[in-house]
């Protein structure tokens, strides 16, 4: 088996793992919403969309046969992570400055108008405020954990692309 095939397999395993982690994070958010009664705000929902896009692009990328198609989907994963960084970063900033609102009046109709809000309202419909402080998990707020996950994704996926493309094929 050539080094090219080994690197591509490693990348695909990484993408599958990333997709599973993103789906687990969405599942955790749904658990906190339904069981712990923590209502999601517009920025929480946008972070769920980013996680969902990362998972979808990661799974599709892992199923692609060639190096170029895998790289294309890894690029889409990175772009989705950057969108998640924007939403989570804004959410962290709002939690640090509770006097400023995330503009629920402005964002709520936009987020609730997205297709998944009508198809799966429990998971993708806004029902809370961004300034609501929920108990931290291991010392960090959920928005801080999400920001950490998005930053790691936005750094590790391109690093994987660069590292594996430097290898001679």
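Our numbering is plain: 1 for the first residue shown, then up by one each step along the chain.
Glycine too: its Cβ is placed from the backbone N, Cα and C atoms.
Judged by Swiss-Prot topology annotation, residue 49 lies on the same membrane side as residue 138.
When the ranges 73-89, 90-106 are checked against Swiss-Prot, the one recorded as transmembrane segment is 73-89. Looking at 50-65, 114-129, the stretch flagged in Swiss-Prot as transmembrane segment turns out to be 50-65. Its own atom aside, the Cβ of residue 130 (disulfide bond) has 23 Cβ atoms within 10 angstroms in the protein chains shown.
Counting in whole angstrom, residue 130 (disulfide bond) lies 5 from residue 41 (disulfide bond) by their C-alpha atoms. Listed by sequence, the residues of this chain that lie at least six past the ends of the topological domain 'Periplasmic' (32-49) yet keep a Cβ under 8 A from its Cβ atoms are 26, 83-84, 87-88, 90-91, 94, 102-104, 107-108, 110-111, 114, 116-117, 122-130, 132, 134, 142-143, 146, 150. Assigned with DSSP, the residues of the topological domain 'Cytoplasmic' (66-72) fall into helix, strand and coil as follows: 6 helix, 0 strand, 1 coil.
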